[in-house]
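Feature annotations, reproduced from TrEMBL:
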type: REGION; residues: 50-69; note: region 'Disordered'
type: TRANSMEM; residues: 134-153; note: transmembrane segment
type: TRANSMEM; residues: 159-176; note: transmembrane segment
type: TRANSMEM; residues: 183-202; note: transmembrane segment
type: TRANSMEM; residues: 208-228; note: transmembrane segment
type: TRANSMEM; residues: 240-259; note: transmembrane segment
type: TRANSMEM; residues: 279-297; note: transmembrane segment
type: TRANSMEM; residues: 342-363; note: transmembrane segment
type: TRANSMEM; residues: 369-389; note: transmembrane segment
type: REGION; residues: 441-490; note: region 'Disordered'
type: COMPBIAS; residues: 465-490; note: compositional bias 'Basic and acidic residues'
Amino acid sequence: MRTDVLETFFDSRLDLIERQLKVHKDRLKYKAGEVLSKSSANLRALAPKSPRIWPSDRPEGDEDFTDRGISRARSDSLEEAAATEHARKGMKKEERWLLAEKELRKFKDKTQDRLQSLSTSWESARHLRTRDKVSFFFGVMTVLTSCLMVGLYPEWIPLWYTIQSAFYLPVRIWTYKKKQWHYFLWDMCYYVNVLDLIWMWFFPANTIFFTACYLLTMGPLASAIITWRNSLVFHSLDKVTSLFIHIYPPLTLTTIIHFYPNGAERWPGIVRSGEIAWWRKMVLGIGFYLVWQMMYWRFVVIGRREKINAGRITSFSTLLKDKHNVIGRWMRATKPEKRESLFMFWQLVYTAVCFLPPIFFLWKSKVGSGVFLITVFAVATWNGASYYVEVWGRKFERELEALRKEMATLTTSSSPAMSQADLPFSETSSVGLSSAMATTSHDVSSTAEKRPGLTQVPSFSLDENSEKSEGALDKVDRKLRDHGAEIGGG
């Protein structure tokens with residue numbers, strides 16, 4: 001793909017931060033104005049009132065007492081009022097400074113925390129991208145190496161399968177245990193992989209063991225790629241591991257039977273397997289399957305029922321919640337108390353049906369085995385293509401819609417609720433906030449300049465002019481849709 005979707009998401013968020021900071025600036029000014037208005041009203045309520053002069057307080061023989069008292073009281077009142085007004089103005093100015101500094105400090109702290117969170121997210125995203133690139137590289141190289149090895153050195157395939165198993169299986173155990181998905185490790189696919197490894201390296205001459213392994217591997221294990229919709233998604237280690245567990249054992253056994261030079265000498269167990277009657281092969285395969293089913297029933301369904309009911313997920317619960325799976329929809333239509341028993345019964349029937357192709361067709365035909373492997377691999381490839389286009393495409397559409405809503409909100413609120421002149425901010429404090437906003441915007445812009453990928457999504461500032469804002473919105477919309485077209489076509 002020509003465009004990194006994760007970078008596109010991250011770049012659009014940086015543009016949104018600039019716009020959100022502008023809105024936050026207007027909100028802080030409006031909030032500070034309300035606080036100052038309330039403080040002024042409280043100061044006026046606390047101002048001292050003029051004293052009253054009553055006639056009964058006049059001394060005897062002093063006719064002018066009342067007039068002098070009133071004049072003196074008025075003079076004192078005016079002086080006190082002037083002093084109070086002066087003090088109120090001083091307090092108002094000091095309070096204005098303190099409030100501005102407080103709001104500025106809070107704003108800087110919040111902006112710093114947001115930028116720190118942004119930096120942490122970017123580092124995490126960069127780490128994930130590096131891991132995905134490594135997974136993609138080794139996934140592609142594994143496919144290429146396996147194809148060359150089958151054609152040039154087929155005798156190395158069993159060892160190559162064992163080496164990869166020594167890496168993928170422990171990683172799967174560790175990651176699933178960490179995510180509390182470890183009940184998936186009881187699934188039949190892991191059981192079959194362990195059986196294949198045991199047969200290859202410990203019992204290569206055992207015909208019964210090999211027959212059961214071959215039926216389980218070429219039957220339900222390979223068919224699970226279609227049933228469980230395994231995907232060839234190279235950048236995802238989890239999906240690569242799942243596909244390896246289901247595709248590599250069939251490839252290994254097919255190579256041993258049809259392409260391995262002098263395979264009968266190295267693997268004597270395959271020689272007499274063709275002499276066993278078909279119904280005996282069916283019995284052997286079902287017998288080994290029932291061993292796994294009884295262990296699963298005892299240790300997972302019965303032994304871990306309380307934890308499963310508490311929320312631990314299993315293959316059965318995942319299948320039950322899958323709205324796109326036919327089996328899941330059918331199981332949801334069944335009574336809850338009968339779901340598990342019916343599921344195990346029909347899984348046994350499904351396994352027996354999957355035994356038929358390897359018994360009657362794949363064992364005898366090199367071409368048929370090759371076509372079968374190509375078919376299941378093609379299904380996994382198609383599922384991977386659907387994941388890249390549909391799943392990532394939907395994520396990009398959601399991010400685009402969120403961006404459009406954010407910008408539409410900023411467009412409608414581009415005119416502040418109070419004008420700059422109406423706000424009771426001093427010139428110095430206003431300049432302080434403006435400089436803080438400029439510093440924050442410069443920090444974000446500097447972060448963008450350090451990352452070459454940020455040039456993919458342009459930055460547009462919303463003016464107070466509605467027409468310019470709408471034009472910027474349309475321009476961003478067209479630009480992001482062009483990126484979406486590149487992703488869909490890439």
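Cβ coordinates come from backbone N, Cα and C, glycine included.
Under 8 Å from some Cβ of the transmembrane segment (134-153) lie the Cβ atoms of residues 160, 164, 234-237, 240, 244, 248, 251, 255, 259, all in the same chain and six or more residues away from its ends. If you look at the transmembrane segment (369-389), the same-chain residues 6 or more away from its ends with a CB under 8 A from one of its CBs are 1, 218, 222-223, 225-226, 229-234, 239, 243, 247, 250-251, 254, 257-258, 357, 362, 488. In summary, the transmembrane segment (159-176) does not lie against the transmembrane segment (342-363): fewer than three C-beta pairs, each 6 or more positions apart in sequence, are under 8 Å.
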